[in-house]
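Undergrad: Right, I'll just put the structure down here and ask away after.
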Amino acid sequence: MNKNPQRFTITAALPYTNGPIHIGHLAGVYVPADIYSRFLRMQGYDVAFVCGSDEHGVPITIKAKKEGVTPQDVVDKYNGIIKKSFEDFGITFDNYSRTSGKTHHDTASAFFKKMYEDGKFIEESTEQLYDEEAGQFLADRFVTGTCPKCGNEEAYGDQCESCGTSLNATDLINPKSAITGAVPTLKETRHWFLPLDQYEDFLKEWILKGHKSDWKSNVYGQVKSWIDDGLRARAVTRDLDWGIPVPVEGGDGKVLYVWFDAPIGYISSTKEWAEREGKDWEPYWKDENTKLVHFIGKDNIVFHCIIFPVMLKAHGDYILPENVPANEFLNLEGKKLSTSKNWAVWLHEYLEEFPDQQDVLRYVLTANAPETKDNDFTWKDFQARNNNELVAIFGNFINRVVVLTNKYYNGIVPEPGAYSEIDEKTIAELKAYPSVIASSIERYRFREAQGELMNLARLGNKYLADEEPWKLIKTDEERVKTIMYVALQIASALSIISEPFLPFTSAKLKKMLNHVDESSDNTPDWDIIGTKEALILGGHQIGKAELLFSKIEDEQMEKQLEKLEATKTANAMEDQKAEPQKEIATFEDFTKMDLRVGTIIEAQKMPKTKKLMVLKVDTGIDQRTVVSGIAEHFKAEDIIGKKVTVLANLAPRKLRGVDSEGMILMTENAEGKLVFVNPDEDGVKAGTTIN
């Protein structure tokens, strides 16, 4: 374990460019990675925080086919959206790269060639699924079927997104082509494989022994399960035309498998950054005094904890990751996030609909971070955390301090008198917070760390509430100077240690307190809070109060919930499958049915039942009683006068002691609600027959 690293290489999982960034990506990977990187920089560490767009693989070619464009068109579109979203959200990558770029192609090709020349691969002929209609092999997501582990009928050829199991396409039960829907055949092809089974002893020693105490339990547990089940050789090449061409003899028509190509993107991104900054990239990947940390979601654990480390080990020149603090999944309003189903809160849309409120989303996502188990994002919780915590605690404290300092002293920090016991205790608590928060961040407990940040704001609020300077100002002006001086120390500390969590708020607060320019060496940093006598001195001029956070109203939340309901309805309609046709009926069978328009003239819910309603229906030939199972869908008073379609010559049937003399025709909408089948034209009278 590297306890005193000289530098840090921080990677965030490469987002896949077949769609924009959503809150699940942010909570799982990018917000915690950004908190960690900002924190390290504030401690003076040499940090390379890299990421980039993952632009190869089958889903992109499928999307391109559907949209009638090239794969390059698809990745160009989404790379632009993703990169701008990250920039606007304040994610401070030192470099954001692209795997379709030349630096990456060269780096990945060289990586493969060295392993090939060193004899690290095995070459085998295997039978792969092949679509005869499309005339191509079905790699990865070109094929779907039933997962052999959990029974999910929509598993992909590389992974089941329901249980997280990594698969080969030939593992699927009842596979079918995602291109044509055809049942594929098996056809022989030749590929290179990484023999993971040859590295089991290395992985057991390195992970199961070496990282048992410092890796997160969810990560360690999944890795142990994989190793215990026994590892198999895994193909590193694919029969595709989109990707990095296999750079050795026999590689025609083949590309590097995206799981092999993508993590090398961290190295190529570091190269781009180092070249731009005039630095040597190699120490960030090859020096034992560098700490390498991968931030990922749980669906990437196997790639970053087993496969990529084996690649690095087999290559021979690279360091191994010190930690892989993978998060679980974030759900949305109790349902799993889905890009394909549009069940998501998209970052670029959030930034448009909630301008200048990046920190609110950062705060809520960190507060609900799925660090060891899946967690849920709800708009109700989003509103509550903003209004009850950011506005009522953090914002309220800062506003009171700055307003009172301007009111009593024209914005000039007062000189303090002798500290009381409560002052001493408050300052001592203040000075302890940086190390407490640092300890949580260093252990990748970002939710816990942010909770302590809010506790510091609570400390400030409680201090002011207990000391009541607005009352004392009339009787003890000297005491008020000391109170405001102590409160300003807390406000100043908040401006510093909020930066990793709430960077936009931190910048506003520093400006409000008129802190030294951030480019200066004298700018307060993390450690200064616990070591410096005072963070803001008597005689210092601060600025005017500005609201750091605004209350979020119910109407804003209703708008977001309506968007989700519209998505839910659209998905239900798309998923609605027609009932299979019943057996053939003759024309004579049809003519036996007396279908006619009726009007409901009375309605009441049947006592002691949930579903049944007793209706009196005017059929044009008589008024009759019909018992219908519609009580859970309609109120009696709402359907009186409603025109309906009645099967009038159905044999009477007794239901709960009431004779039912017909049947009302109904259907279901996409949400499962019953709908009357009735004429939509006015002037159709009761008794009109339906032919």
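Here the Cβ of each residue, glycine as well, is placed from N, Cα and C on the backbone.
Keep in mind that this is a model prediction, so the values were computed, not measured.
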Undergrad: Match it up for me: which of 15-25, 125-135, 180-190 does Swiss-Prot list as motif ''HIGH' region'?
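TA: Motif ''HIGH' region', as annotated by Swiss-Prot, spans 15-25.
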Undergrad: Which one of these stretches, 116-120, 211-215, 336-340, 681-685, shows up in Swiss-Prot as motif ''KMSKS' region'?
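TA: In Swiss-Prot, residues 336-340 carry the label motif ''KMSKS' region'.
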Undergrad: Using the Cβ center of CYS147, CYS150, CYS160, CYS163 as the Zn(2+) site position, which other residues in that chain lie within 8 Å, going by their Cβ?
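TA: Same chain, not in CYS147, CYS150, CYS160, CYS163, Cβ within 8 Å: PRO148, LYS149, GLY151, ASN152, ALA155, SER162, GLY164, THR165.
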Undergrad: Comparing the binding-site residues CYS147, CYS163, which residue's C-beta has the most other C-beta atoms within 10 angstroms in this structure?
TA: CYS147
Undergrad: Judged by the number of other CB atoms within 10 angstroms, which among CYS150, CYS160 is the least packed of the binding-site residues?
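TA: The binding-site residues CYS150, CYS160 were compared, and CYS150 has the fewest Cβ atoms within 10 Å.
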Undergrad: Around the C-beta of THR339 (ATP binding site), how many further C-beta atoms are within 10 angstroms, looking at every protein chain?
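TA: The answer is 16 other Cβ atoms.
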